[in-house]
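Copied over from TrEMBL:
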type	residues	note
BINDING	21-28, 68-72, 131-134	GTP binding site
DOMAIN	13-181	domain 'Era-type G'
DOMAIN	212-290	domain 'KH type-2'
REGION	21-28	region 'G1'
REGION	47-51	region 'G2'
REGION	68-71	region 'G3'
REGION	131-134	region 'G4'
Ligand SMILES: Nc1nc2c(ncn2[C@@H]2O[C@H](COP(=O)(O)OP(=O)(O)OP(=O)(O)O)[C@@H](O)[C@H]2O)c(=O)[nH]1
């Protein structure tokens, strides 16, 4: 043996994983809880997630790269089709698929549809998670675990709560154990591949969604025109657009006397301050891009 022999990585494991499940089962919340910072926006309104965002979880013995997918559903618009393409691509690439079912809802046809879909990708290992575990009693949880167990062959079935932080360490341990032996895939201080601009746009979209009425969520996109660093070297001015599909929606977003827009701005500003090192000053502008979800050119411009 010589002094220059490379240190063996021992049992260090690293790989990619994705959470799948019906809309609103808590996939994004779980991603953020595991990464320890808001990487993916969440919302009580279904189908909030639009892009494959990576969050990276670091442990001494391994690394998990989480790819957040938009969810499997039958496409009704061009946006829907593009989102499904992202999902298909993701599912064939990852090392582990973690299928999620919420503890507070019975397993149903929507879950079976997704299990069938992931069955078409034989390469990844598969585990099942019962999310929002803290919302039900022991009996219901046990029942749910049984229902999930019967759906397919899983490497593990684990109840978790992202909000209460229940079983998250167990989950990370199980996931790392399923990953291939590998050197780290990302530097130790990196928790996402998203740029500041991308994260800023998502935080504005989250704030707008939180305040939107039922008919609006799918019509909202956010773009960033510019981020300007002031001479003080620490204050950033962020110029963002909230893009909607119709003039009437523009009115809704702005609200009476600009009140709703002001609220959106304040909420997004608070979140931006949390992810920035210095101060940020957010300017919001509302724009109409007619029927952007069906228009290939507009979709391209909005980054889909
Ligand atoms: N009580 C409870 N609620 C949770 C938990 N995890 C997520 N939620 C809530 O469930 C809702 C949906 O969470 P998301 O993380 O956005 O769900 P998602 O599966 O990513 O949703 P899509 O983006 O629509 O696919 C939000 O209101 C969360 O606060 C949990 O552990 N406990």
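Please read every residue number as a count from 1 along the shown chain.
Cβ atoms are placed via backbone N, Cα and C, with glycine included.
Automated prediction, rather than curation, is the source of TrEMBL annotations.
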Cβ atoms near residue 21 (GTP binding site) (within 10 Å, other residues, all chains) = 24
Near residue 133 (GTP binding site), how many other Cβ atoms are within 10 Å of its Cβ?
-> 23
Per DSSP, to which secondary structure element type does residue 24 (GTP binding site) belong, with helix, strand and coil as the options?
-> coil
Over the span of the domain 'KH type-2' (212-290), count residues by DSSP class, listing helix, strand and coil in order.
-> 31 helix, 27 strand, 21 coil
Judged by other C-beta atoms within 10 Å of its C-beta, the most isolated of the binding-site residues 24, 27 is 24
Per DSSP, what is the residue tally for the region 'G4' (131-134) in helix, strand and coil?
-> 2 helix, 1 strand, 1 coil
